[in-house]
Amino acid sequence: MSVNIKIENAQKRYGDNIIIENLSLDIKQGEFFTLLGPSGCGKTTLLRMIAGFNSIEKGNFYFNEKRINDLDPAKRNIGMVFQNYAIFPHLTVEQNVEFGLKNRKVSKEEMKIEIDKFLKLMQIDEYKDRMPERLSGGQQQRVALARALVIKPDVLLMDEPLSNLDAKLRVEMRTAIKEIQNSIGITTVYVTHDQEEAMAVSDRIAVMKDGEIQHLGQPKDIYQRPANLFVATFIGKTNVLKGNLNGSILKVAGKYEVSLNNIKDKNIKGNVVISIRPEEFVIDENQTKDGMRAFIDSSVFLGLNTHYFAHLESGEKIEIVQESKIDSIIPKGAEVYLKVKQDKINVFTEDGSRNILEGVNNDAIGVAYVK
């Protein structure tokens, strides 16, 4: 109940407008794979091409060794969950879940076994006689997921399935979806624009922009060593600063120097762009004045962490995230000195098109960098 999905040189266009150009991708059997990117990047278009709902202008799509370009969507054995749930309002929970099995002429005995199994798996068995209007958004999404999985598809496709839920329920549902996917082991392709959601559920993520894959890898790799500046700014928060590179010495904010021993492209020198995550700054408690000099503009207390908004001597604005202290918050106008571990800094070419450091793990086939 799982397949490898392979895409070779896919193209999708609407008239003269190219949505996806020469995209290749290899999704592993049983993998939870997420297409992540801003609106209009082509992620839903690609998902619909896999499903058979959009035409394929060029390229080949495979489930294992079987080419599916011309295969009717109904014969691809996919389960699909949409943003708007798409469950039938006139049917009970149980009737919604059994719908696909009835269409496949499954025997009543087998149908009952499978329906009971998935109602329990989704923790909605106590609601089996309820109509959808009497369910919460999370419960309706569980019904949609049960209906998609009960037919034992080879692939599960999910298009922004949590976007209509409130923040707390989204966290609960993404945890449930990941647990269910792990227990079943089905190849899952998930579309979202929410980077935190993507990192929480995915085995691997393809970060997309303008129909191209910018970075493909595990969430940790993408967050810690993004392939280019777009990926760095799209995945989580980061501070983007100007820098100057001379050999292994990186100068930040005009004065602060860091010695780097992990430069891969040693031909790069002069102006570069630097990315530092807010949580990677360390405020020098001893005020030794050998760090980056900054001035606190404001702060926001968020329980576990306090977010400080500050500016450097260069005038560049930054955000600093520190673990909250019981006794104090740094006041507005205070002068602080910041340090950062050299391995926590990312350095990009001046145009932001690529990371020049070692340790960038990018599985993208025919990698296209930001222009």
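Numbering starts at 1 and runs along the chain as it is shown here.
Cβ coordinates are placed from backbone N, Cα and C, and glycine is handled just like the others.
Keep in mind that what you see is a predicted model, and the values were worked out from it rather than measured.
Summarising the annotation, Swiss-Prot assigns domain 'ABC transporter' to 5-235. Mean pLDDT of the predicted structure over the domain 'ABC transporter' (5-235): 94.
Here Swiss-Prot flags Gly37, Pro38, Ser39, Gly40, Cys41, Gly42, Lys43, Thr44 as ATP binding site, drawing on sequence analysis. Secondary structure at Gly37 (ATP binding site), as computed by DSSP, is coil.
The ATP site is defined by Gly37, Pro38, Ser39, Gly40, Cys41, Gly42, Lys43, Thr44, and by the 8 Å test on Cβ atoms against their centroid, the other residues of the chain that qualify are Thr45, His193, Met208, Lys209.
Sequence-distant contacts (6 or more apart, same chain, Cβ under 8 Å) of Pro38 (ATP binding site) comprise His193, Lys209, Phe234. A helical conformation is recorded for Lys43 (ATP binding site) in the three-state DSSP classification.
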